[in-house]
Amino acid sequence: MAAELVEAKNMVMSFRVSDLQMLLGFVGRSKSGLKHELVTRALQLVQFDCSPELFKKIKELYETRYAKKSAEPGPQAPRPLDPLALHSMPRTPLSGPTVDYPVLYGKYLNGLGRLPTKTLKPEVRLVKLPFFNMLDELLKPTELVPQSAEKLQESPCIFALTPRQVEMIRNSRELQPGVKAVQVVLRICYSDTSCPQEDQYPPNIAVKVNHSYCSVPGYYPSNKPGVEPKRPCRPINLTHLMYLSSATNRITVTWGNYGKSYSVALYLVRQLTSSDLLQRLKTIGVKHPELCKALVKEKLRLDPDSEIATTGVRVSLICPLVKMRLSVPCRAETCAHLQCFDAVFYLQMNEKKPTWMCPVCDKPAAYDQLIIDGLLSKILSECEGADEIEFLAEGSWRPIRAEKEPSCSPQGPILVLGTSDANGLAPASSTPGIGSGLSGPGSAGSGAGAAGSLENGKTGADVVDLTLDSSSSSEDEDEDEDDDEDEDEGPRPKRRCPFQKGLVPAC
């Protein structure tokens, strides 16, 4: 069956327009359109609905066309030809890998298909995106080839969706109003085959889908003078502008030709959310506590060549991203530290702006490298009162609690001594009976009581006299010194008040 399918495809690719129209009319398909559109429909028909009657009709049309050649002695098997090589405009073909036509119905970027090359060139590869699960490859990474010396170039691409793909898109859930989970996305990157490439837009990019322009992510605003604004290069969703049927879709990519080479690819993907990735991480990414404990021992193992011995390492239970207590502690396997960050907030931040950089060591921490620390998860459930722990050399741990600052206030009760207020009442005392006794006639009794308490071994109370202050005490000392001087010198002589002339007495 596979050999017959390959033979039928080779026959279809060598048909003329009239042969293609007869074949499509035989099965009741539309016969209108350009030749590459007719070839697309015929290849789609052969790949997914190749019945014995259809194969017989293809063979009949082929033998009718090549009747004279088949009558010649020594007929040779038909060689695979390019679908548009015989009836196409003389335009520059694309450079790229060998094409499997049944998989892609419209690999006619820049208007031409491609001949299979004998020397297999390495293909352009794109990095895997955690939030996009690839379902089908609609167009392999294909280089954008300029057709003229103009700076602004246009590259068209024509393809059709299979009924199964259309059904998947229609039956998928909505992530938000008008946005399906299953999408047809366009990805653009540099034409570099040395390593997987990240998405990168060419200058002056514009994407048109079936006569309607598709929105492309804009630039981030830059507040720094002289710094070019950056653009988030992400997959471009084309689903809302496509024909969700067997009709042919046409995509035109407009781009600026400034010396760099770019490639485009089309994929059918399922977009995931941060909750989906978190659930997957909890399922397959949890590291056993014993393995984490062995890692701690390895970190704290005594190195004979080192003069400094590490007896413990402190790990904070606060997430460095949001300064909150960890709920799902995780880190990358490539990180050398034991400090973890919260997987919930890390995935949410990368869903909004994908960077995938570790917030602890600022090194790449891709989703495929993330693990959930089982030991730290267990510690979080057991140690609720501390925000920091210390791992010890034998693999155990202890909580680090914040030390309270020493207080300057006295430990015992304070007795307030003072004179009676204006109403003749004694001031309030912290200990009933003691303050009033000291300020009244019964102070001796209270003093005896205080002495008795000291003799019984109890700590005495601190006595503070609030009626004394620095100013009053200094004045009292000055008055006492003046009185002493007066007593020593005797009575002072009377001073005579000088009388000024010109003054009139008041009386």
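Heads up, the Cβ atoms here are built off N, Cα and C, so glycines get one too.
Annotation comment: Swiss-Prot describes LYS9 (among others) as SUMO2 cross-link. Cβ-based neighbour count (10 Å, all protein chains) for LYS9 (SUMO2 cross-link) stands at 21.
Annotated domain 'SAP' per Swiss-Prot: 12-46, in sequence order, evidence recorded as sequence analysis. Looking only at the domain 'SAP' (12-46), the predicted model's pLDDT averages out at 80.
For the motif 'LXXLL motif' (20-24), same-chain residues at least 6 beyond its ends with a Cβ under 8 Å from one of its own Cβ atoms are 12, 30-31, 35, 38-39, 41-42, 45, 57-58, 61. What Swiss-Prot lists as motif 'LXXLL motif' is 20-24.
Residues or ranges marked as SUMO cross-link in Swiss-Prot (evidence: similarity to another entry): LYS35 (among others). Cβ-based neighbour count (10 Å, all protein chains) for LYS35 (SUMO cross-link) stands at 17.
According to DSSP, LYS35 (SUMO cross-link) sits within a helical segment. Residues or ranges marked as SUMO2 cross-link by Swiss-Prot on the basis of similarity to another entry: LYS35 (among others).
Among the features that Swiss-Prot reports, SUMO2 cross-link is placed at LYS56 (among others), with the record citing similarity to another entry. In the three-state DSSP reading, LYS56 (SUMO2 cross-link) counts as helix.
Close to LYS59 (SUMO2 cross-link) in the fold, though at least 6 residues off in sequence, lie ALA8, MET11, each with a CB less than 8 Å from its CB. Among the features that Swiss-Prot reports, SUMO2 cross-link is placed at LYS59 (among others).
Look at Swiss-Prot and you will find LYS68 (among others) tagged as SUMO2 cross-link, backed by similarity to another entry.
Under the heading SUMO2 cross-link, Swiss-Prot lists LYS69 (among others).
Taken from Swiss-Prot, the feature SUMO2 cross-link applies to LYS118 (among others), supported by similarity to another entry.
For LYS128 (among others), the entry in Swiss-Prot reads SUMO cross-link. The secondary structure of LYS128 (SUMO cross-link), as reduced to three states from DSSP, is coil rather than helix or strand.
According to Swiss-Prot, the feature Zn(2+) binding site maps to CYS335, HIS337, CYS358, CYS361. Sequence-distant neighbours of HIS337 (Zn(2+) binding site) (same chain, six or more apart, CB under 8 Å from its CB) are ARG331, VAL360, CYS361, listed in sequence order.
Positions annotated as region 'Disordered' by Swiss-Prot: 426-507.
Taken from Swiss-Prot, the feature compositional bias 'Gly residues' applies to 434-450.
The compositional bias 'Acidic residues' annotation in Swiss-Prot covers 474-489.
Looking at LYS35 (SUMO cross-link) and LYS9 (SUMO2 cross-link), their Cα atoms lie 15 Å from each other. Long-range C-beta contacts of LYS128 (SUMO cross-link), restricted to its own chain and to partners at least six residues apart, with a cutoff below 8 Å, comprise MET134, PRO196, ASP368. Note on CYS361 (Zn(2+) binding site): other Cβ atoms within 10 Å of its Cβ, all shown chains, come to 15. Counting every protein chain shown, 19 other Cβ atoms lie within 10 Å of the Cβ of CYS335 (Zn(2+) binding site). Checked against LYS9 (SUMO2 cross-link), the recorded positions LYS56, CYS335, CYS358 differ in C-alpha distance, with LYS56 being the nearest. Counting residues per DSSP class in helix, strand and coil order gives 24 helix, 0 strand, 11 coil for the domain 'SAP' (12-46).
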